[in-house]
Amino acid sequence: GWAGGYPEIVKENELFERYYRELGIVPDGEWDAFMAALREPLPATLRITGYKSHAREILHCLKEKYFKELQDLEVDGQKVEMPQSLSWYPEELAWHTNLSRKILRKSPQLEKFHQFLVSETECGNISRQEAVSMIPPLLLNVNPHHKILDMCAAPGSKTAQLIEMLHADMNVPFPKGFVIANDVDNKRCYLLVHQAKRLNSPCIMVVNHDASSIPNLQIDVDGKKEVLFYDRILCDVPCSGDGTMRKNIDVWKKWTTQNSLQLHGLQLRIATRGVEQLAEGGRMVYSTCSLNPIENEAVIASLLEKSQGALELADVSSELPGLKRMPGITKWKVMLKDGQWFEEWKDVPSNRQTQIRPTMFPVKEEEKLKAMNLERCLRILPHHQNTGGFFVAVLIKRSPMPWNKRQPKVHQKLPQRVGDTEVTATNADAGSEDTTEEPTLAENEESKKMQELQNSDTEQSKKGGVCGPPPSKKMKLFGFKEDPFVFLPEDDPLFLPIQKFYALDPSFPKMNLLTRTQEGKKRQLYMVSKELRNVLLNNSEKMKVINTGIKVWSRNSDGEQFGCAFRLAQEGIYTLYPFIHARIINVCIEDVKILLTQENPFLSKFSNETQKKVKDMAMGSIVLKYDPDPEKPGDLQCPIVLCGWQGKTSLRAFVPKNERLHYLRMMGVEVFKAKRKEEESEGKTEEEVQYRTAQTEERMDVEDKEHDLVTKMEAEIAEESFHSPVESSSMEVENKIEGLDQFSKNTNNHVSQESKDADTNNVKD
């Protein structure tokens with residue numbers, strides 16, 4: 001059971017051992033321990049989402065309940081070790097255990113713990129993420145005002161960390177910073193959307209571009225267009241992945257030096273494009289899950305050399321105390337897959353010079369090499385703290401790149417068209433940076449000229465707040481056709497009833513509301529931060545946006561008769577709540593339990609205080625707020641905000657299933673045992689149990705097109721088998737419940753017709 005299900009693969013690779021022994025990346029006397037660690041399965045690791053106000057409650061629940069139940073437990077004859085916190089991760093928010101994913105999923109003794117992990121992962125309260133993968137975002141030193149680019153973001157666990165850091169202060173609904181998460185693979189972008197959506201942030205945008213030529217974006221600064229430079233860039237490039245041998249066992253069989261030789265050029269191009277877009281004084285983290293210096297130090301050394309002092313490696317030795325690391329190396333050799341070694345570029349025969357490039361070799365001049373400080377890079381070896389292998393380098397930009405010295409702000413005189421092709425041709429041999437940067441600038445300037453000459457379509461669409469592909473559809477991109485992002489006009493009649501019904505604060509940023517449809521009824525309203533709105537409005541023609549914004553309101557057909565056609569959406573409630581001054585009901589913890597365990601509880605079941613508050617309130621969408629009582633330390637000690645619906649005789653919560661389970665667990669309600677008892681006492685079949693579970697789920701509104709796409713993409717990718725551990729855990733949690741149509745017929749009269757439609761929609765999914 002502990003072999004991870006791959007007994008047929010022999011964990012041996014002679015070329016791998018020969019290569020790394022020769023390079024000396026492992027300290028003397030540690031080789032056997034290094035190889036032994038690579039042959040062991042990777043421990044399961046999890047991270048508690050740091051920005052949620054109830055992170056401490058989850059940690060308390062884990063330590064006092066679930067971890068204690070693992071004590072003295074044996075699975076397949078092997079003792080389960082107690083989970084340990086990662087000493088270098090702040091505030092005990094990351095843990096690892098010797099349980100493999102297979103054991104977690106299959107063992108009856110661990111079913112309760114596994115159900116907890118899956119459910120909390122889906123809510124976004126826990127991320128099941130490899131330990132070494134948590135390092136790059138921590139070394140970025142993100143602050144809430146930082147503009148961040150994640151260049152190769154899928155599947156999205158590091159992106160999630162970055163979003164958490166933006167929301168370090170939960171009292172600020174709209175941090176000034178944002179994350180633009182990019183991936184070249186259209187399908188993986190949808191997995192990225194799914195990961196990011198769990199965190200309910202208005203400050204994330206997912207885009208689909210080749211990272212090595214990601215376009216320069218523009219933003220409006222005091223009425224002038226300027227090129228957007230990022231304060232922080234995460235450059236986690238595609239790599240050969242030989243640091244992942246413990247979980248990707250195929251690497252043992254397939255490993256060859258050829259993989260690194262083929263990827264080196266792409267990695268260097270992506271890193272170069274990253275530093276071009278970095279602001280002066282900004283920080284870029286370059287990382288790979290490879291141990292190979294061709295993909296690591298060689299890329300960094302080449303970047304430093306051509307930067308001519310514009311970049312420097314940051315000394316992060318004092319950061320993340322407790323993390324065991326090896327310094328970067330300064331000497332290495334290049335090996336072909338046939339075992340032939342080369343120490344210098346001049347030794348490479350001409351027939352091999354397409355495979356091996358000059359940038360793969362270390363710098364020979366001692367003085368120049370010393371100035372690079374390559375020892376400031378970090379290499380994580382698997383046997384040092386029972387992890388995967390990893391490499392990280394932290395770069396700081398001190399001045400513009402040499403080939404960018406004359407980089408203008410967008411409002412510069414336009415060069416002649418003839419010169420564009422000449423610039424590209426002349427600089428073609430000088431390196432990838434020239435061919436990526438110069439044409440991009442020309443494009444920026446050309447778009448400025450086009451704006452001045454044809455002030456029609458683009459300006460008109462901006463006035464209308466429409467951000468989508470250009471009308472002529474010049475860009476024929478692979479993947480799904482995305483709906484446009486349409487910002488609500490300032491005088492949109494749709495907003496007035498909403499503002500009145502919920503008594504929204506005058507400071508509410510209504511200009512940041514958008515929909516995904518230009519025509520017909522607007523079914524969903526989404527919200528982005530002011531800064532992302534700026535990016536969207538100024539770059540619609542050059543950027544393929546897959547997703548942005550969080551849902552804050554959904555159309556509800558029953559709502560119109562009560563004065564507002566839109567009900568609140570749970571995923572956006574923590575962003576909206578600070579601006580809402582009406583329709584708020586403060587509830588006690590017993591009321592919260594009733595709301596989360598019963599489908600349509602009658603008002604008579606609630607506390608007298610709640611009944612009084614509801615009595616004078618009109619029917620429709622409401623906010624249910626729980627504030628902890630410091631004098632009752634035994635009760636839940638973090639605030640909860642829920643969306644609800646007040647009917648004539650009842651009160652209900654509109655909360656997704658896993659979020660319900662999360663809050664109930666935090667309040668000490670044993671959801672797992674309750675489910676088991678129900679099965680045993682009533683003798684239900686598995687199908688009937690699923691049917692019963694369906695009754696505790698809320699019947700949400702019809703999901704918009706984008707959500708359908710995500711579901712569709714997850715299904716497709718599940719068939720293709722290239723998804724990551726985190727992705728598969730998200731997919732396990734999807735419930736395909738049968739017989740929900742029949743149940744819909746029996747619901748009470750005050751449940752909206754639209755909610756019933758949603759049930760039918762879920763069955764189809």
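Heads up, the Cβ atoms here are built off N, Cα and C, so glycines get one too.
As annotated by TrEMBL, active site, nucleophile applies to Cys289. Per TrEMBL, the feature S-adenosyl-L-methionine binding site maps to Cys152, Ala153, Ala154, Pro155, Gly156, Ser157, Lys158, Asp183, Asp210, Asp236. The annotation compositional bias 'Polar residues' is assigned in TrEMBL to 743-752. Residues or ranges marked as compositional bias 'Basic and acidic residues' in TrEMBL: 753-765. Residues or ranges marked as domain 'SAM-dependent MTase RsmB/NOP-type' in TrEMBL: 34-398.
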Inter-residue C-alpha distance, the residue listed as 'active site, nucleophile' and Lys158 (S-adenosyl-L-methionine binding site) (nearest angstrom): 13
Cβ packing number for Ala154 (S-adenosyl-L-methionine binding site), 10 Å threshold: 24
Mean of pLDDT values spanning the domain 'SAM-dependent MTase RsmB/NOP-type' (34-398): 92
Recorded S-adenosyl-L-methionine site residues Cys152, Ala153, Ala154, Pro155, Gly156, Ser157, Lys158, Asp183, Asp210, Asp236, farthest C-alpha pair in Å: 20
List of residues, in chain order, with Cβ under 8 A from that of Asp210 (S-adenosyl-L-methionine binding site) and at least 6 apart: Val184
